[in-house]
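Participant: Below is a structure I'd like to ask you about.
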């Protein structure tokens, strides 16, 4: 839904998708063909890997 609603905005759609994925505990995401795809990696896993 995030990608479809903001598809006219371009970059904004990816930011909204990433924010939506972050809110679900994932480490971001991107829009692809109007569908928001979240990363499989969780934010905690990414954080632990970096620090």
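Positions of Cβ are set from backbone N, Cα and C atoms, glycine also.
Reproduced below are the annotations present in Swiss-Prot:
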- 3-31: disulfide bond (DISULFID)
- 17-36: disulfide bond (DISULFID)
- 21-38: disulfide bond (DISULFID)
- 51: phenylalanine amide (MOD_RES)
Participant: Taking residue 21 (disulfide bond) as the reference, which of 3, 31, 51 (the recorded positions) have a CA within 10 A of its CA?
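Facilitator: Candidates kept after distance check: none.
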Participant: Can you tell me the CA-to-CA distance separating residue 17 (disulfide bond) and residue 38 (disulfide bond), as a whole number of Å?
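Facilitator: Residue 38 (disulfide bond) has its Cα 8 Å from the Cα of residue 17 (disulfide bond).
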Participant: Between the residue listed as 'phenylalanine amide' and residue 38 (disulfide bond), how many Å separate their Cα atoms?
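Facilitator: Given the Cα positions, the residue listed as 'phenylalanine amide' is 22 Å from residue 38 (disulfide bond).
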Participant: List the Cα distance (Å, whole number) between residue 31 (disulfide bond) and residue 38 (disulfide bond).
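Facilitator: Answer for this pair: 9 Å between alpha carbons.
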